[in-house]
Amino acid sequence: MQFTIAVLSTLLATASGFAFSPAAKASTSALKASEFSDPGFCAGLPGALAPVGQFDPLNFLDGADDNKIRRFREAELTHGRVAMLAFVGFLVGEKVEGSSFLFDSQITGPAINHFAQVPQPFWEILVLTIGASEVYRAQVGWVSPADLQGEDKFALRPEYIPGDIGFDPLNLRPEDPEELEIMQTKELQHGRLAMLATAGFVAQELTDGQGIMQHLGM
């Protein structure tokens, strides 16, 4: 029961970054998109939030042109989305281990060891799925290297918004530009937090060999 509540809370918190209920719209209507971006920082992309603001301690943006900045954002969004899935996967994977729900009770132990125990053809399906997704993303957002001249062979399409590959099966994307920027910022924040949390999960399990669910007493 505790686990069910924890997972539901996590999913609801994540969903809040994408869905706008009438009450949420009323509360965010007073917010301005300028609160979530800085026109003079990171090519004006969303994600510059107080109190951190222009956070670039390693100076990755120094001398970076618009294309390179948008590539950085594309990478950040992609890693953040994978980390959000991994965070939920850690908890769910460890909770259902040993049950007949998945892989006929063959998967046990900490989540960092689960991949090594997965039987075929899981790997083949996973590789094909990832490959198809990456090819589609490249076709939507990237200019073909054959069409580029000069040294830079990695360029995003000028009209492409980093992370926006047109995948919105639940029609959560708002029409209002300011609400869209708020939603984009929430996704970034969830992704950044998930990257830190997932890295913490991995470090903890490598340190003592115990699963996260064991530490949570679930």
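Backbone N, Cα and C define each Cβ position, glycine as well.
Please treat TrEMBL annotations as automatic predictions, because they have not gone through curation.
Positions annotated as signal peptide by TrEMBL: 1-17.
A 10 Å cutoff on Cβ-Cβ distances gives His79 (chlorophyll a binding site) a total of 15 other Cβ atoms nearby, all chains included. Residues or ranges marked as chlorophyll a binding site by TrEMBL: Glu76, His79, Lys186, Glu187, Arg192, Gln204.
Per TrEMBL, the feature chlorophyll b binding site maps to Arg81.
There are 18 other Cβ atoms within 10 Å of the Cβ belonging to Glu76 (chlorophyll a binding site).
With a 10 A radius on its CB, Arg81 (chlorophyll b binding site) counts 15 other CB atoms from all the protein chains.
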